[in-house]
Amino acid sequence: MTIRFVTSNEGKVREAREYLTDDVEQIDYDYTEIQSDDLAEIAVAGAKEAFEETGRDDPVLVDDAGLFVDALGGFPGPYSSYAEDTVGVERVWNLVEQEENRRAKFRCVVAYYDGDEARTFEGAVPGRIVAPRGDGGFGYDPIFEHEGATMAEMSTERKNAVSHRGRALAKFADWLAEN
Ligand code: IMP
């Protein structure tokens, strides 16, 4: 089976290919990101729209992720993409730099839709915000440290083994194998 991963982010596709045995095809369709505090709601709406608008043949996968910083009340959370594009990752670090509590988590929801019922799979990883280090990964990876290394200092394989996306994809892969 081919799974169509709807994203313009090649980093996400690279990570999904490491995880899934099925063919993963990248579809660069720009679905509407609805405004919601709930990652699952955003991912499901995107998956349904993409499935309807891109031919309704193979099932689609949409992943919505965000960085949730404790000291900032969960910001940027579901608005992580907007915050990255506007203030940028370095200035998110600057916001947290003054805080004693630098704990944060990455959360990811993967939504799968084949025209029948939408399914969601969630993963999260705890870490802390640090000054940028490393040049791998993408997005907030350089400022997110987990067990001593930032995600930008990890190989794709190592990041997958611990990451929010890896954990969500693992649940999805288990479900796919059973169904
Ligand atoms: P979206 O899920 O593509 O909307 O991503 C939301 C925001 O989180 C974007 O700014 C991404 O760059 C960032 N992001 C998503 N996944 C990751 C990740 O695995 N590492 C670092 N940043 C991420």
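Numbering starts at 1 and runs along the chain as it is shown here.
In case you wondered, yes, glycine gets a Cβ from its N, Cα and C as well.
All TrEMBL annotations are machine predictions without curation.
The substrate binding site annotation in TrEMBL covers THR7, SER8, ASN9, GLU10, GLY11, LYS12, ALA65, PHE138, GLY139, TYR140, ASP141, LYS159, HIS164, ARG165. Other C-beta atoms found within 10 angstroms of the C-beta of GLY11 (substrate binding site) number 16, with every protein chain shown included.
Per TrEMBL, Mg(2+) binding site is recorded for GLU33, ASP64. Close to GLU33 (Mg(2+) binding site) in the fold, though at least 6 residues off in sequence, lie ILE42, GLY46, ASP64, SER81, each with a CB less than 8 Å from its CB.
Mapped onto three states, the DSSP output places ASP64 (Mg(2+) binding site) in strand. The 10 Å shell around the Cβ of ASP64 (Mg(2+) binding site) contains 26 further Cβ atoms across the protein chains shown. The annotation active site, proton acceptor is assigned in TrEMBL to ASP64.
In this structure the residues listed as binding substrate are THR7, SER8, ASN9, GLU10, GLY11, LYS12, ALA65, PHE138, GLY139, TYR140, ASP141, LYS159, HIS164, ARG165; their two most distant Cα atoms lie 20 Å apart. Other C-beta atoms found within 10 angstroms of the C-beta of ASN9 (substrate binding site) number 16, with every protein chain shown included. According to DSSP, ASP141 (substrate binding site) sits within a helical segment. Within 10 Å of the C-beta of ASP141 (substrate binding site) there are 24 other C-beta atoms, taking all protein chains into account.
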